[in-house]
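Residues or ranges marked as signal peptide by TrEMBL: 1-19. As annotated by TrEMBL, domain 'EMI' applies to 38-92. The feature domain 'FAS1' is assigned by TrEMBL to 93-228, 232-363, 367-489, 493-623.
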Amino acid sequence: MHLTLLTLSLTLIATICFAKSPYQSVLQHSRIRGRQHGPNVCAMQKIQGTDKKYFTNCKQWYHRKICGKPTVISYECCPGYEKLPGEKGCPAALPLVNIYNTLGVVGAATTKMYSERAQLREEIEGPGSFTFFAPSNQAWAALPNEILDALVSNVNIELLNALHYHMVNRRLTSEDLKHGSAFPSMYQDFNLHIHHYPNGIVTVNCARLVKTDQHATNGIVHVVDRVITAVTNDVHTFIDTDDDLETLRNAVAAAGLTQMLESDGHYTVFAPTNEAFEKIPPEMLNRILGDPVALKDLLNYHILKNMQCAESITSGTPLETLQGTVLEVGCDGADMTLNGKAIIQKKDQLGTNGVVHYINELLIPDSAKTLLELAQGSAVTTATKLFVDAGLGSHLSGSEALTILTPQNEAFKEGVTMTGDLKKLLKNHILKEQLSSGSLYYGQELETLGGIKLRVFVYRNSLCIENSCIVAHDKIGRFGSMFTVDKVLTPPMGTIMDVLKADNRFSLLVGAIQTAGLTELMNQAGPHTVFAPTNDAFSALPKADLNKLMSNPKELASVLKYHMAKEILVSGGVGSHTRLKPLQGDKLELNMRNQTVYINKVPVVEADLMATNGVVHAVGAIIKPLRKSNRFTVHEDRINHLTLLYITYCIILQLSFQLCLVLSLCPPAPKVDREQI
C-alpha cells in the first residue's frame, strides 16, 4: 500500500515534469485539456473577434481571458497531426513531404505562392535541411500595400531576398529555439533573433510562432504571424535617426547612455516621443534634465533588462528596469500597456541588441521626484496641501535630505483649517534625514524639523512612529523619502502622569494612582502602557464597591497594576489576538474590531495618548480578568503509522500541485460547454 501511494505521487510529478521547455509545457497542457476529444487533440484559446489563437496555459484556462479579452475554447489537431474520416481525434501524422508542399497544408499557402513567383520552389523542393519561418496567410494580408507591391514588383530580387531572410540553412525544432539565441539567415547571413518566453510564446524578430514543428523531408516549417524584415541597426540608431525622438536623443547623450545602447545586449526601450516630454511641467522637466542623477534614473526606468516583444505579452507582468524598480507590462486587447495605460504608439521596432516601443507619455520614477512631487496624485493630497499652506513647501521641493510622514486623507477631519498649533504639528511630521522603513528599528529616535524626538515601535505586523503606523510602501525620492501613515502624529507631551493630569476625564484615576502610591512609577522612564479608566468607568461601579476600593490602597494598587504593562503598545500594534503581560495578574487579551481596540472585551474609547515614558489608552470600564473556559486537550503522542503515511502523501501532492502551477499544468477546470473539434 505504501509503495502504491508513493508510486502514484512520483508518477504525477514525472508527468508534470515531462515538458522540456516553456513552449513544450504549454503544448503539453493543451494536449491534456484536449485528450477527452481523442488522440493528438490540443485545446486552443481564440480571442473573441480576432483570428488570434494560443495554446492554453493553466491561468488562461481558468480565467478564459487573454490580454483582458474573453476567449473561446476550440479543439484542433496538435502540430504534425490530422483527422481521419470517421475516427475520433487526430490519429494520423501529416504526410511527410518537402517544404514547398508542406506550406500548402499548414496555413501558409500565400508563402507557397510567393515562393513559386520568386523561383524559390526548386530550392525548397530539393535536397537540403532548411528551417522556414513561413508567414501565415493572414500575415501577408496584413502587410501594407506599398510594401507588398514593392516586393512583388521585383520578385527576382526583393521578394526572393525577403523569403530567404525567413530561412535558416539547418533544421531547427522548437527545442532548438532558445531564449536570446540568433541564427544566420539565408539572406546575407543577417541574424534571425529568437526569444522563448516563460509563458511558452516563441518569437523570431518579434513575430510569434503560431504553428511550430511542421516537419518536412528536407527541413521544418514554423508558421509565424507576420512578415519579418532584416535587422541591421542597433537600438541607439533608432533613437539617433528619428526626429520624433530628438528630446530623448539629447537626454541619452547628456546621461552618458549612448555607449550602452550601442553595445551587445537584449534591451527593451520604451522610447518617449517629443510629445511625451512636452506634457511634463517645464519646471519639473528642466530640473530633471539638469540633474544627471535624476536624468539617468529617468531614462533607465524606460529600459528593461530583457527583450520583450509585444506578442510575448498575454497579461500584466512586472518586469525589472535598469533603474532597479519594475514596470507592469501588459496588454488590453491589441494594445500593449505600461502600468495599466495604453500609451504605446508604435511597437516592435527591432534592433540588433533589443527592441524599441514608442510611448506618448513620460514615465517618471519616484527616484527622480522631489518630496512634493511624490505626494501629488496619491492618497495623501490633504496632507500635501496642508504642508504647503503651513509654509513648508520649500522643504518638500528642495534638495534637503528629509523624510516626510504623510497621513492618509481619511486621517483628517473635514474642514480642517490652518492654525499655529497645526503648523507646529506638521513641522514635526518631517524628519531631518532620508530614511527607508527597512532601516528602522525598535526604540530608534528620529529628530524632526520641529526639534523633538520621535520613537520607533516595531510589532509583528506593523511599523509605527509614535502613534502613526506606516500603511504603504516607501516612496524614495531624489532627495527625500515619504512614509504614508494611518494617523496624524501625536508627539509625546510629558510623562504619563502629566498626560492624565491634563485631561479632566482622568481626575478620579489620578487620585487613585496617588492613593495607591503609584505616582512615582508613572513618572519613571518606563516604558509603560496604561489602560486608563475614565471617570465614567469609576462611576459605573457600585458606590459601596468604589468606596471600599478607594479606601484600600493595597487592593487599589493591585487593580490599577492590572491596567498597566511594562512595554509600549500603540493601537496600530494590536492584531486579532494580542496578549500583554500586566504588572500584576493574568495576561490581558487584546484584539481589534471595527477600528476599535478591546482589552478583555472592554473597548478603548480613545487610543494613543502619547507620553514621553509610554502611552495611555482611555477605557470606559474597569478591566477585569476573563473567565477561563474549559478546553479539550488533544494528545498527539499516538499518531499511528497510517496517519503519518497519509500526511506524507498529502505533502507530495501539495508539492506536485505547486510544481503544476509553475509549469502551467493544473487539474481539470469545472465542466463548461465548449466548441467541439
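Keep in mind that glycine also has a Cβ here, set from the backbone N, Cα and C atoms.
Mean pLDDT, taken over the domain 'FAS1' (493-623), works out to 93 on the 0 to 100 scale. Helix, strand and coil counts under DSSP for the domain 'FAS1' (232-363) come to 50 helix, 39 strand, 43 coil. Across the domain 'FAS1' (93-228), DSSP classifies residues as 46 helix, 38 strand, 52 coil.
Across the domain 'EMI' (38-92), DSSP assigns 6 helix, 24 strand, 25 coil.
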